[in-house]
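Taken straight from TrEMBL:
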{"type": "ACT_SITE", "residues": "GLU1262", "note": "active site, proton acceptor"}
{"type": "BINDING", "residues": "CYS36, CYS41, CYS44, CYS66", "note": "[2Fe-2S] cluster 1 binding site"}
{"type": "BINDING", "residues": "CYS106, CYS109, CYS141, CYS143", "note": "[2Fe-2S] cluster 2 binding site"}
{"type": "BINDING", "residues": "ILE256, VAL257, MET258, GLY259, ASN260, THR261, SER262, VAL263, ASP359, LEU403, ARG421", "note": "FAD binding site"}
{"type": "BINDING", "residues": "GLN768, PHE799, ARG913, ALA1080", "note": "Mo-molybdopterin binding site"}
{"type": "BINDING", "residues": "PHE915", "note": "substrate binding site"}
{"type": "DOMAIN", "residues": "1-84", "note": "domain '2Fe-2S ferredoxin-type'"}
{"type": "DOMAIN", "residues": "228-413", "note": "domain 'FAD-binding PCMH-type'"}
Amino acid sequence: MSDSVNKVIEKNVDPETMLLPYLRKKLQLTGTKYGCGGGGCGACTVMISRYNPITKRIRHYPANACLLPICSLHGAAVTTVEGVGSTKARIHPVQERVAKCHGTQCGFCTPGMVMSIYTLLRNHPEPTLDQLTDALGGNLCRCTGYRPIIDACKTFCKTSGCCQSKENGVCCLDQGINELPEFEEGNKTSPKLFSEEEFLPLDPTQELIFPPELMIMAEKQPQRTRVFVGDRMTWISPVTLKELLEAKVKYPQAPIVMGNTSVGPEVRFKGTFHPVIISPDCIEELSVVNHADDGLTLGAGLSLAQVKEILAEVIQKLPEEKTQTYHAVWKHLGTLAGCQIRNMASLGGHIVSRHLDSDLNPLLAVGNCTLNLLSKEGERQIPLNEQFLTKCPSADLKPGEILVSVNIPYSRKWEFVSAFRQAQRQQNALAIVNSGMRVFFGEGGGIIRELSIAYGGVGPTTICAKNSCQQLIGRPWNEEMLDAACRLILDEVSLPGWAPGGKVEFKRTLVISFFFKFYLKVSQILKTMDPVRYPGLADKYESALEDLHSRNHWGTSKYQDVDPKQLPQDPIGRPIMHLSGIKHTTGEAIYCDDMPVLDGELFLAFVTSSRAHAEIVSIDLSEALSLPGVVDIVTEEDLRGVNSFCLLIEPEKLLETQEVSCVGQLVCAVVADSEVQAKRAAKRVKIVYQDLEPVILTIEEAIRHHSFFQGERKLEYGNVDEAFKVVDQILEGEIHMGGQEHFYMETQSMLAVPKGEDQEMDVYVSSQFPKYIQAIVASTLKVPANKIMCHVKRLGGAFGGKVTKTGILAAITAFAANKHGRPVRCILERGEDMLITGGRHPYLGKYKAGFMNDGRILALDVEHYCNGGATLDESLFVLETGVLKVDNAYKFPNLRCQGWACKTNLPSNTALRGFGFPQSGLITENCITEVAAKCGLSPEKVRMMNMYKEIDQTPYKQEIDATNLIQCWKECMATSSYSLRKVAVEKFNSENYWKKKGLAMVPLKFPVGFGSTAACQAAALVHIYLDGSVLVTHGGIEMGQGVHTKMIQVASRELRMPMSNVHLRGTSTETVPNANVSGASLVADLNGLAVKDACQTLLKRLEPIISKNPKGTWKDWAQAAFDESISLSATGYFRGYETHMNWETGEGHPFAYFVFGAACSEVEIDCLTGAHKNIRTDIVMDIGHSINPALDVGQIEGAFIQGMGLYTIEELKYSPQGVLFTRGPDQYKIPAVSDVPTELHVSFLPPSQNSNTLYSSKGLGEPGVFLGCSVFFAIHDAVRAARQERGLLGPLKLDSPLTPEKIRMACEDKFTKMIPRDEPGSYVPWNIPV
């Protein structure tokens, strides 16, 4: 195995070892990151290169290191991000461009992105845009919103500036409708965020060559079976078919593993264990491709990516009528998993695993495929049919048999095959329902001769609707047949109300909606083949057949010019690359878990509660303690007297061994020599529970049980009750909004290192709040805070999720380290992290609005209920923020808002970017949308009418100048060509029955600030060394937002020296004490003012020295100052913005300033499946004077995409017992590359009034999240259009997130009416909305 150019020979391989821990821990190559452990996020992508001695070709492909057993890599070359390029040698053009196009923020996902793009370029040096979006489909990023990454990729493409997205076959630039007069190329007012001219060229001849000795080894080595024996598992790698059969006879139960994409996750997440694994290597017969007269034979060992390439070639060569099945399979392979998994997974493995939601099996089954088997007894063929798919013994492989290849027959004339699938996200997501359908008409005549339909996702296995198909044979292809077919299929493919996976009514609807799509498609083809006999479709139906998803993205950012009078060396206002950008792309940026293993280091793993509300009767630790490598188990007993800590209002317990109040509560912690041993032992801790009543999970249950945390919040303005008496109309409504997982790419990570004397300890932790870590650790160890130093270099994302829980995890880790006098590391796995840490609060909003017929809202009475979970955490502050910001951008003359935090048996919810406002704002906007519907006006009209104008006051009596709010709104109307496109959308909707477009525009007023001055204070420390170099430290945490970059810009301006002269090492309680939490969009604001203060102090001291020698260098000045005994070190301080809030009177000045903005989004929905496509979004923001437009655009886009995920596809699922089902990227879908709007335009208002902030800038971390709801309301608009056309005129209630399920079920039609419905209460649902 080789990495960069190192040859690695591993003598004793443990077959259970995956490539990822091997690279990170054994070889110290930490550029490859752990993100999820299941191949779902792409953070661990590496390039595998294999040489085939028969074809003499080298295949490069991307793969997930977390699923690759190192035993499977014998003779392969592995290229990691370190091998692609580094700052020590040279950086690769991919790395340079991703960094300089601002494609990194926290940088944790970046090495995986780089590896995916690099591998693509090794295979296609000038890729198309489609190949690029395809290559990145398996890589998730939570920070950037992907656009800058796509920009970086585009510089390698051989295309012009055209976005290549031909809506309706016309280039949008020719159409006029999407033209943006402001964004012309020659426009000098908007400098670009990066200059392509300076990039290193891509030179394929400079790439690493495949190691010649591996080639010689493959050519020369006598081939024989390799066996690797570990402690618990044996790995057998046969190299010939004969040896493979012998191994299979000897170990009939052993799975045959090719890519480990099925067995790997089962072993990892379900605890399956196989004592023997057989993994064939380079067996020629398993990769055959054979074109025969009756069809195509494909080797079972081919990867799905290879199958896709082969099929693409065949489809091009053969006539269409022969390739119907191939085309359908090829289409599904485009969305099946991500690029990495498709390159690892094998065709045979996919078929034999028979997953209930397999995308290919339903198609292969209807396509009459046969499987070629081989055993000692000889060859045998079996059909890939329903019996095989249900694992019926007579139709399955026998114990000694293996699958060698698959025959896929050609289709015939008058035979049509189609594939359908609907998932939560269009790419890299398992299907909710998928289907393969085939019909054959014999010699035309339109009479069904053969019909075959199979579904995945609607039962424990792939289901074939055999009886329905049987009964339809002989019928003509017409409406009556369609009607009969739907009823028959619903009858045969039945799904109980409690079915695993939930979404039961949606699945029933999809089953027949897919058949209807097939019906339309075939009808359309029949018409083209014989227009006289077949009437074809109504024009309004044709679009039902078009795929929603166009892939090519383009975007523009229009931002402010730097004042021409500004000095060229002054960096403020310039698009400077993130300080760590290059290190992110080379994998050299160090995160907490990348720190090398220390001598004697232990690993800590938590044991968590499996019940939502129960008394712990007993805990048996004996078996766990007896396992090898286990050192200790920390329980509540050990923490006597220090088992709780109060951060905000109520103390919270660290470990709980008496009564647990949620699933995922920390019960005890296992400390062992290694991660594997600690995790293994944690599973062996035996806990006996006695369940307690009541179990309260949902907001509604909490309201029924009056289960609230102390302290409701109330805000009143004007006289609501009087106003209700004078209005024309009153409406009442409610909206439920689901929570959100932070999904920071780097899971919770910490390393506690005892120093060995004076009880000192260093704690390295991925946290937003070092002061709190220091305090809680000091309290737990019973030492003063000056003995505990907390260090944070950078975070791999945080979004509010690395504050409260992180402290508790760190305290227990530090306790173990202190007790044993050894360093202890704790890194949560993704599933544990999602379970333990909580997320955004689910909300229930109830509102009553009184308004006039012209849309003016005179009275609004709102109630907010947030699901706080089991402990208070930050719920009360979230609730307060939601109540204070309930007005969003509107002046309601009479307003009452009350809020309650519900106490439930769920893991405690906490801060998440936006902090209560994304929920509160949605409730208000939803109310406005309903008012507009009642008045027969567009929501935009009602928004405009009720908006703040000029100088006004908020409900808490703080003055507001809304000039820029109106400016953003008008600008957004103009740049988005709102009125033109509104007409175009209405025209589209009148011409298309099954597809609808929607357009919505939403304003934003985001008040920035903590409610108190003390919470806004900040400090900094600046040293000038005698060589003239400067070291800056401050209390802010770098978590991707680029605060360190901005701080160096500040120091550079204030000290009038180049940025390269200033360095920043990280954040530590040792240098800047008592720093506030990094959050609330204020980190650069507050710390920047402190850095500025320190620099100004230094400059003032040095003024006499500089004026004596104005032409001198900083080195001269520093030395001269030293010689005159002038101090070259200064602390800087900012006491905070003057903010306060009095909840007794409901008045105050809680915010420092307001950020304004507006967003206009257009979507298209498929009424039959619930899929939606984000067509275009325009965002206009008022950001004051930007300190760094590149970073600011990145914050706005990233927040917008995160918000779009919140309001559309991110859905947390809990069981009725309070168990979280969505514990990783497999089940929980954050936006991927394909979800970014095809067009995304961001522009800033020109700089306006000066303010008391840092250089008149504004904080932009959070405001953009809320703008994601413009997509929610655009979908709302499209669904309304669909319902109106179907005569459904009543009010429309849509909750968030607006998933495909909710969209489809709201577009009621004859199919939703046809499906059986279950009586609520007659069954226990699989999941419940909390």
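Cβ coordinates are placed from backbone N, Cα and C, and glycine is handled just like the others.
Keep in mind it's a predicted model, so treat the numbers as computed, not measured.
For the pair formed by CYS36 ([2Fe-2S] cluster 1 binding site) and CYS109 ([2Fe-2S] cluster 2 binding site), distance between Cα atoms is given as 11 Å, rounded to the nearest Å. Other than the site residues GLN768, PHE799, ARG913, ALA1080, same-chain residues with C-beta atoms no more than 8 angstroms from the centre of those residues' C-beta atoms, the Mo-molybdopterin site, are ALA798, GLY800, GLY801, ALA911, LEU912, PHE915, MET1039, SER1078, GLY1079, GLY1261, GLU1262. Model confidence over the domain '2Fe-2S ferredoxin-type' (1-84) is summarised by a mean pLDDT of 91. If you draw a 10 Å sphere around the CB of ARG421 (FAD binding site), it holds 26 other CB atoms from the protein chains shown. In this structure the alpha carbons, written CA, of GLN768 (Mo-molybdopterin binding site) and ARG421 (FAD binding site) are 41 Å apart. Cβ crowding, taken as the number of other Cβ atoms within 10 Å, peaks at PHE799 among the binding-site residues PHE799, PHE915.
CYS44 ([2Fe-2S] cluster 1 binding site) counts 28 other C-beta atoms within 10 Å of its own C-beta, drawing on all protein chains shown. Between the alpha carbons (Cα) of CYS66 ([2Fe-2S] cluster 1 binding site) and ILE256 (FAD binding site) lies a span of roughly 19 Å.
Within the same chain, residues at least 6 positions away in sequence whose Cβ sits under 8 Å from that of ASP359 (FAD binding site) are HIS332, LEU333, THR335, LEU336, ALA419, ARG421, ALA431, ASN434, GLY456. You'll find the Cα of CYS141 ([2Fe-2S] cluster 2 binding site) roughly 8 Å from the Cα of CYS41 ([2Fe-2S] cluster 1 binding site). The recorded positions listed here (MET258, ASN260, GLU1262) include GLU1262 as those with a Cα within 10 A of the Cα of ARG913 (Mo-molybdopterin binding site). Taking a C-beta cut-off of under 8 angstroms and a sequence separation of 6 or more, ASN260 (FAD binding site) has the following same-chain neighbours: LEU67, LEU68, PRO69, SER72, MET344. Remark: secondary structure over the domain '2Fe-2S ferredoxin-type' (1-84) totals 19 helix, 25 strand, 40 coil, with classes taken from DSSP. Proximity note: of the listed recorded positions (CYS106, CYS109, MET258, ALA1080, GLU1262), ALA1080, GLU1262 have a CA within 10 Å of the CA of the residue listed as 'substrate binding site', given in sequence order. On the backbone, the CA of MET258 (FAD binding site) and the CA of CYS44 ([2Fe-2S] cluster 1 binding site) stand 19 Å apart. For PHE799 (Mo-molybdopterin binding site), the recorded positions whose C-alpha atoms fall inside a 10 Å radius of its own C-alpha are CYS143, GLU1262, out of CYS41, CYS44, CYS143, GLU1262.
Remark: CYS143 ([2Fe-2S] cluster 2 binding site) has THR104, GLN105, CYS106, CYS109, MET745, GLY797, GLY1040, GLY1194, GLY1198 as non-local neighbours, by Cβ distance under 8 Å and separation of at least 6 in sequence.
When the alpha carbons of CYS41 ([2Fe-2S] cluster 1 binding site) and ALA1080 (Mo-molybdopterin binding site) are compared, the span between them is 27 angstrom.
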